[in-house]
Every structure is written in C-alpha cells, then in structure tokens.
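**Q** One structure follows; several queries about it will come next.
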C-alpha cells in the first residue's frame, strides 16, 4: 500500500499546515450555509490541500465526494456530476447521485480546477461559475496549484486560502513519524536530505522515502543517492523495468511518473505484444484487463484511491507474468490511441467552428445548424461548380482548412477562386440573397455576351418588345 494513502491525515490536527489556515477552514465549515462562498485552496503540489479537505470532511461528519477536473474534460460532465452532487443529498454505490429527504451534507472536492481552463476544457470554468451562482445546497471546495489560471470572476466567487511550500523540517518530521510506525531505523540527516530533494512537496518526499526504504530495516546515508528529485520520471525507463526486469520496485517508479494511470495503461497495452507472446501474453493481458476494471470504477465512482490497485496490476502484475525477460533492445512506441484521440479531437473542433459560422450567418441554433444546414452545405460545396461553391464559402467566411475538411482537395480549388476574385461576405445579406445575386450576375453576363454577338436589328427587337409589353398582364405572355 502506498504510504501516501496509508498515512494520509484523518483529522485536522494531523494536517501539516499553518495554524491560521486550519483556523480559517474550521470557521468556514462551522458557519457554512447555503449560499456561502466555496473555498479555493491554492498552492504548489504536495502541501496538503487535498488532505486538509478530506480531514475537514471527516471532522465535520460530512461525506467527501472527490472529483478531479483534469480527468473530467467535458464541461457537461463537470456540470452534471458537480451540479447533481451539490443539489442532492445522497450517493449510490454505483456513484449515481440520488435525491433523498434523509442524508448528511456532502463536501464536494474538485481537485486540479485550474486545469479546466485549457482549450480542451472550453466551457468548464463557465459551467462551474454557473453552478456557484445557483447557490448549491452542499459545501464545495476547489483545489488549484495556480489560482491565477482561473478567471477573476471565479476567484471572486470563492474564499481563497493560499498554502506555502512546507519547510524541509516540517517534511522531515512527517517522515520521522512514518519511519517509527514502519519500524525503519533512519538517521534524521537522511530524512532531511530526502525532504530537501523533494522541494517542499510532502507527497513527493513520502514517495521517495518509500521507494528508498522498500525491503529495508535500516536506511543509511549511502542509500540516499538522490541529488535532485526528478519531477518527471522517464516513462521509457518504467517500460524497461516492466518488460526487462522482475523487480517489483517498478510500482514505486510508476507512481512517481508525471503520468496518470490512464496514460500508463495505454503505454503498457501498446508495447506488451513487442515483449510477450503465447501464454505469457494472455496472462499479462488478464492482469491489464483487471487494472482497466479498477480504472473504470474510478471513472464511475470518482474514487481515486482505487488508482493504486490499478497501478499495481498494470506494472507488477504484468511484469510477473513472464518466465524470463526478453533479451535485446526493444524500441518502445507511444500509444497509437493517443494519435487517434488527437485526430478525433481536431475533427470535433473543426466541426464546431464550422457549425458556429453556419449558425451565426443562418440565424440557427447549433443543433439545427448541425442537423439541417451542415449536410446541405457540404453537399452543395461538393456538387456545385467551383464558382458557385465559392459564393457559399465567401458567405460563411470558411477558411481554407475548413473547406478542405468539408470537401477535401476541391476545398483548395474553392479557396483559390475566392482569393483570386476577392470574394467576401456582405453584411446583413442572407445566404439565399447572396446565392441568387451571384446567379443573376452570371446570367446578365451571359446575356450581354450573346447580345454582342447578334446583329444590331436583332438587338433592337427585344427592347421594342419590352417597351410595348409594359402594361401586359401575366396571362398575355402565354396567349
């Protein structure tokens, strides 16, 4: 079991933080009522923000519901889960929120909230702001490493508490308590060295301490070879440890990665067939599938403590399924699924931009733009001549990339025509007006060309007929 979880504080007294922070948090919790501002706990990683929130829930007798913003990329998902959790009273075993007359308060903890401000999370912050303005009936704590990635509006809606990096003495005291409980003999200078290398990150220090002390009854100064903690361990090195060794310490190495278990399982899945075959491959995939089951439970129930079981199965579980490591160099590959997901994300983003233009200039909702106009416009661009298709492209102000996305190579031809003729959209002109206007201009040009080729007397005849027929009714044209 990871020591980070094993020795996570259960009460506020066990949390390593300034007394002023603990006092403010207790005051907020005891005075909380519907409409109270959420707490925004801000500070660098490993200073106890999440631990404090969980300890607060335990102290107050509240049920803690943990969400991780970096793993719930869709703002709709965040709004559904946080919204339902904030406005209902109980949670089922399957992780679904249920309405109930009897139930205790739930402390909703949204971690890594500064990550929903990225491009792939468009709308996430807006959804959160809407939720807070609705005055949820449950206490809400937001956690961020960098609060200034959030908009001023969101920060102003919260009561912000800033955490400072822990001193190496504070970190060393925690490590000393863990060493005592684990029965490990260790000099205080060694603990101070580990604490210094962690740079004020208590979680990192505990992970380093566990990795160094694994299987030892005593930790000596010469065992601490760290010069500076590597913040981002090499994923390729972890792959080598899984496939080329039978050392169970790979689990600790994997937990130090700046990769989530969802990322690591893709790496293992991609490279497993390069190293294993036959029965070994079957057994390794069995371990990997069990890891995936735990990850699925994490996604459904938002219970991130199950990550450790998934991580163990995808590293040590897969590693121990081989009789002997395969010799020789293996070039490990990045997960192919990432490229596919990236392409799908690009496709969705391009479609969204096109639909926004169609909706804007056709005065339609996004839904109607998608279901009614998008297929028609795509067909017209494909089937019409380049000059007519260019009229549509100019009207909707499609870019070259958007045209190529819609009709492939023809999109480049359409774009060149638009550029060559300086075509642009006329404000307040409807699509039908624009298209009819282009058709009319083309017919007039055609009539003028034909007229120039006719003799003078033939050109005069239509004018006389037009003059004589000014007062004729419509029926007279067919008599």
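Just so you know, glycine gets a Cβ as well, placed from its N, Cα and C.
Pulled from Swiss-Prot, these are the listed features:
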{"type": "BINDING", "residues": "43, 44, 45, 46, 47, 48, 49, 50", "note": "ATP binding site"}
{"type": "REGION", "residues": "441-479", "note": "region 'Disordered'"}
{"type": "COMPBIAS", "residues": "452-463", "note": "compositional bias 'Basic and acidic residues'"}
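Describe the structural context of these features.
**A** A 10 Å cutoff on Cβ-Cβ distances gives residue 47 (ATP binding site) a total of 25 other Cβ atoms nearby, all chains included.
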**Q** Around the ATP site formed by 43, 44, 45, 46, 47, 48, 49, 50, list the extra residues of the same chain whose Cβ is within 8 Å of the site's Cβ centroid.
**A** 145, 163, 201, 202, 203
**Q** If you draw a 10 Å sphere around the Cβ of residue 46 (ATP binding site), how many other Cβ atoms fall inside it, taking every protein chain shown into account?
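**A** Other Cβ atoms found within 10 Å: 24.
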